[in-house]
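Asker: This is the structure I have questions about; it appears just below.
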Amino acid sequence: MMTTYMLSFLDKQTLNYSNAYGLQADTHMTGDDYSWVASALYFGWLFGAYPWNIVLQRYPIGRLIGGMLFVWGTVCMLQATVANFGGFFTIRFFLGWLEGVISPAFVLLTSMLWTREEQTFRTSLWLSTNGVSSILGALLAYGAGHADNLAVSSWKLIYLIVGALTFVWGFVIIVYLPDGPHNAKMLTEYERMVAVWRVSKNQMGIKHRVINRAQIKEALLDGRTYLLLAMGACTGILNGSVANFASSLIKGFGFNALRTSLLQTPGGAFEIIGCVFFGWLSTKKNLLGFSIIVSSLPGIAGLIGLLTIDIKHRYALVACCWLQNILGSPIVLGWTLPGVNTAGHTKRATVIGLFFIFYAGGNIAGPHMFLPRESPRYFSAIRGLLGTYCALILLQVIYTAWVYSINKSRDRQGLHAERQEEELLEGFEDLTDKQNIHFRYKV
């Protein structure tokens, strides 16, 4: 899962790295064409989010992901053949549609393989590979920039290498990635039974192919769903901005293409450390919401620095850009909320699907905050991102207080499962978090 997600993020980051090597000039992009190409991937994700949600309920996750790796690896390589804005937009749209299955699939698979206490840290681990891909991608771009006398441009070479790696990895996933604890090949038959027993204590229901319309209705009428969707949109705006304009910002501080690529590697290390640390912190009792809020503060500090530090202190400005990579922490922890706090398989899959639709919408909007006329400092975009961080924190405070109050109310009423057998039975009954009075939300 970690390697697959690393390749998925690397595919997304190729646009950022190729931008340092003349992508816009070679494809004749002008004005805000680059912002639209950056958004195209998430237009595809947006259109694919709910259909993939239905597919994930009906088909084996492991084989589905393996097949998608073959296709999107091929599509990634096809980007090296495009010569204009229209073609690039189309390819990125289709790539986004294909990759839209990965994040909801992994959130769903994580909720089926591990207990609720384990899920936030496990999700942090596979999403922390965004930092690994940032480091590897920057080094790959740096190496491509040194390649001379090749038949293709440096930016095209980046797409060819990343696409080929993705395609080859598809064979590994088809063979080894399980669809759930029931068919994990690395486990014995007895260990699979134990794994199913462990996750039954989550009281979140088990996967089946029947779509429960009552659970869809409950998801749409649950006010907490809309708080989650708003938080998804906020993290999407932040991610769409940081992921696509890091090269533009750093290059605008006065660095050449090679130096710009190399200076992005420390940002990946910041992301790895942030995801692992805050992922670990979130496993402590009642610290999930707190971890999301605190992990947003370094990004806010970095944005304030980008607004106030003079251009002559360019390495200080680069350090502020590195702090933006810690954004991976509130993103990953926010992604776990629909999975760990929504019970009932259809309800959970619905909320996760809607969450990623709004996340994709945020990623579409984010790049358009960067106005070409404000290059290289993009002050309006920086202010907009500050406001988005503040909105995210406020929404998280409201959500945490809401679910905490529900937990306390159920505790006061003595609504606890009295026997382990009753708790296990409820885990197999596919009750929603509202129907199961013994369910407790992670705060």
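Cβ coordinates are placed from backbone N, Cα and C, and glycine is handled just like the others.
Straight out of TrEMBL:
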TRANSMEM  34-52  transmembrane segment
TRANSMEM  64-82  transmembrane segment
TRANSMEM  94-113  transmembrane segment
TRANSMEM  125-145  transmembrane segment
TRANSMEM  157-177  transmembrane segment
TRANSMEM  226-250  transmembrane segment
TRANSMEM  262-281  transmembrane segment
TRANSMEM  288-309  transmembrane segment
TRANSMEM  315-337  transmembrane segment
TRANSMEM  349-370  transmembrane segment
TRANSMEM  382-404  transmembrane segment
Asker: Does the chain bring the transmembrane segment (157-177) near the transmembrane segment (34-52), so that three or more CB pairs sit under 8 Å (pairs 6 or more apart in sequence)?
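Answerer: Between the transmembrane segment (34-52) and the transmembrane segment (157-177), which are separate recorded stretches, there is no contact, as judged by 3 or more close Cβ pairs.
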Asker: Any chance the transmembrane segment (64-82) and the transmembrane segment (94-113) are in contact, meaning at least three CB pairs closer than 8 A with a sequence separation of 6+?
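Answerer: Answer yes: the transmembrane segment (64-82) meets the transmembrane segment (94-113) with 3 or more Cβ pairs below 8 Å.
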Asker: Please figure out which one of 34-52, 125-145, 226-250, 288-309, 315-337 racks up the most CB pairs under 8 Å against the transmembrane segment (262-281).
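Answerer: If we count Cβ pairs closer than 8 Å to the transmembrane segment (262-281), 125-145 scores highest.
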Asker: Test the contact criterion for the transmembrane segment (226-250) and the transmembrane segment (34-52): 3 or more CB pairs under 8 Å, pairs 6 or more apart in sequence, then answer yes or no.
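Answerer: They do touch: at least three Cβ pairs between the two stretches lie under 8 Å.
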Asker: Please give the sequence-distant neighbours of the transmembrane segment (34-52): residues at least 6 beyond its ends with Cβ less than 8 Å from one of its Cβ atoms.
Answerer: 12, 15, 19, 24, 85, 88-90, 92-101, 104-105, 236, 240, 244-245, 353-354, 356-357, 360-361, 363-365, 367-368, 370, 372
Asker: Which sequence positions outside the transmembrane segment (125-145), separated from its termini by at least 6 residues, show Cβ-Cβ distances below 8 Å to it?
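Answerer: Same-chain contacts beyond the ends: 1-3, 5-7, 9-10, 13-14, 16-18, 20-21, 106, 110, 154-155, 157-158, 161-162, 257-258, 261-265, 267-276, 279, 325, 328, 331-332, 335.
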Asker: Using a Cβ cut-off of under 8 Å, list the residues of the same chain at least 6 residues beyond the transmembrane segment (94-113) that approach it.
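Answerer: Contacts with the transmembrane segment (94-113): 1, 4-5, 8, 11-12, 40-49, 52-53, 55-56, 61, 64-65, 68, 71-72, 75-76, 79, 119, 122-123, 126, 178-181, 184, 195, 199, 202, 204, 206-207, 335-336, 338-340, 348-349, 352-353, 356, 359-360.
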